[in-house]
Amino acid sequence: MEFTFNFNILDKKTNTCAIISVFKNKELSNIGNKLNIISNNYILCEINNSGLNGKINQSLLLHNVPNIKYKRLLIIGCGNKKKFNINKYINSINKIINIIKNTNIKKIHFFLTELNIYKLNIYWKIRKAIELIEDKLYVFNKFKNKKKTFNIKKIIFYINKEKNINLAIIAIKQGIAISNSIKIVKDISNLPPNICNSSYLSMRSYRLQDIFPDKIKVFNINEKDMKKLEMNAYLSVGRESENESLMSIIKYSNHKNINKKPIVFIGKGVTFDSGGISLKNHYKMDEMKYDMCAASVVYGLMVAIAKLELPLNVIGILACCENMLGGNSYRPGDIIKTMSGINVEIINTDAEGRLIICDVLTYVKRFNPEIVIDIATLTGACIIALGNKINGLMSNSNTLSKELLNSAKISGDCTWLLPIKEEYKKKFNSKFADIVNINNNNSGGAIFAACFLSYFAKNYKWAHLDIAGTSHYNNIGATGRPLYLLIQFLLKKSKIDIPLY
Ligand code: BES
Ligand code: ZN
Ligand code: ZN
């Protein structure tokens, strides 16, 4: 897709579709008004005839409007003008793409950039539009002999001031880089588990140092290394699988102070989660190939950071293995000494994510991190609590959780803070070891999982994002989320964050 911008209100080319907005009570936007005057009030008459009154999600597609050379004019209802906000902007663009993608429209002149959104400027509006458009037009074609494609090839964003040119250029550059990374994440996450195993993911990671030789170094830790490190919890989970457990460490160094403490991201990379001996139900078990979505998000995040050349030190860790069952599986009742020294009694082998991550949380201490963020498709309970549009966030630091919530809001990756309650942590007492891997509460599972992890996340600011619901949905596949949130967080940390307003 080609993205560009201009100051024009009328396009000379005839094959373009212009997109304008109308608010409640048929109030046209500025540009809408101008076009309406040029059309001798034709646009407003058509709006009246159609019954469109500007409510959110309404739309009207006009052809051959008098005096206007655009082949088509798409009018989108944007609701109450004073209440127009981030979410309505996002919804309107999603609606537009749903309409456009089933037509033969090749080129769009996009005027929603003229709308006021509280505290957000043209940079944000253009960048977000690019991200949403690319997101909506994604298809996973790899295993289809008949590939699906769309006709739309070019988007022109309207900007109204000379002084916005620089912001538009940066927005397009960043929007494209972020969208490309989202596509990479989706492509990897959607792969089947017979292809996307630990060695596939570590091979992809390893190649990053050839693509970005100045800034990226990659180390792969195999089972032999993990044994030496005493990462016994991680090793137990992957022990029965034919695919070796592998942890990829992607080090990106681009801070002017090379000793600057890094920000570390850990992604759960269970390439298939059968549940192990605590076997899952067969219903939708195929979806457990998505249990590596978080690792794939961390991979995509590292690509985006490198493409945007962020002035930071960041370490991305893909914690990969496969949870299978057989004669060599770990079992309920086993007691495992984790890398931290804490002995964990296994009650359920399907609560494997926390066992992998707990050892990585201990391992990362060697990097003396400023911040550690783990991302995981950790609990079905998080889906029950928050559905599939909201990430669960848990943290041991108020400042970190505030920063993440702020990035979530700006990026559109909805996120909700859940508490790590001290009283709940006591529920992990074990009769035979230090702690159990699950307690027998059947409620609050997302919080309890974070409570377990908090035993290991010591001596640094730590946040945990449960993305079991948001990383994939059954009808659309992988979403690439929460990459938008994480890159927004890092743009802010880079202090090259563009003023949003
Ligand atoms: N990978 C699952 C969580 C999951 C469930 C992700 C559904 C995406 C969709 C995780 O390993 C798991 O099985 N968790 C258990 C924990 C339980 C045994 C405490 C769960 O959620 O049932
Ligand atoms: Zn599981
Ligand atoms: Zn899992």
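Quick reminder: no glycine exception, Cβ is built from N, Cα and C everywhere.
All TrEMBL annotations are machine predictions without curation.
From the candidate list E162, E352, E370, E403, the residue TrEMBL records in the Mn(2+) 2 site shared with K268, D273, D291 is E352. Other than the site residues K268, D273, D291, E352, same-chain residues with C-beta atoms no more than 8 angstroms from the centre of those residues' C-beta atoms, the Mn(2+) 2 site, are V237, V270, M288, M292, N323, G353, I356, A376, T377. Using K268 (Mn(2+) 2 binding site) as the reference Cα, a 10 A cut-off selects R354 from the recorded positions K280, D350, R354.
Selection of the recorded positions K268, K280, D291 by a Cβ distance under 6 Å from ligand 3 yields, in sequence order, D291. For D273 (Mn(2+) 2 binding site), the same-chain residues 6+ apart in sequence whose C-beta sits under 8 angstroms from its C-beta are K280, M288, D291, N323, D350, E352, G353. DSSP assigns R354 (active site) to a helix in the three-state reduction.
For the domain 'Cytosol aminopeptidase' (348-355), the residues of the chain that approach it from at least six positions outside its boundaries are 233-234, 236-237, 268, 270, 273, 275-280, 291, 323, 325, 329-332, 336, 338, 376-378, 437-438, 449, 452-453, judged by C-beta separation under 8 angstroms. Among the recorded positions listed (K268, K280, D291), D291 have a CB atom closer than 6 Å to some atom of ligand 1, in sequence order. Under the DSSP three-state reduction, D273 (Mn(2+) 2 binding site) is assigned to strand.
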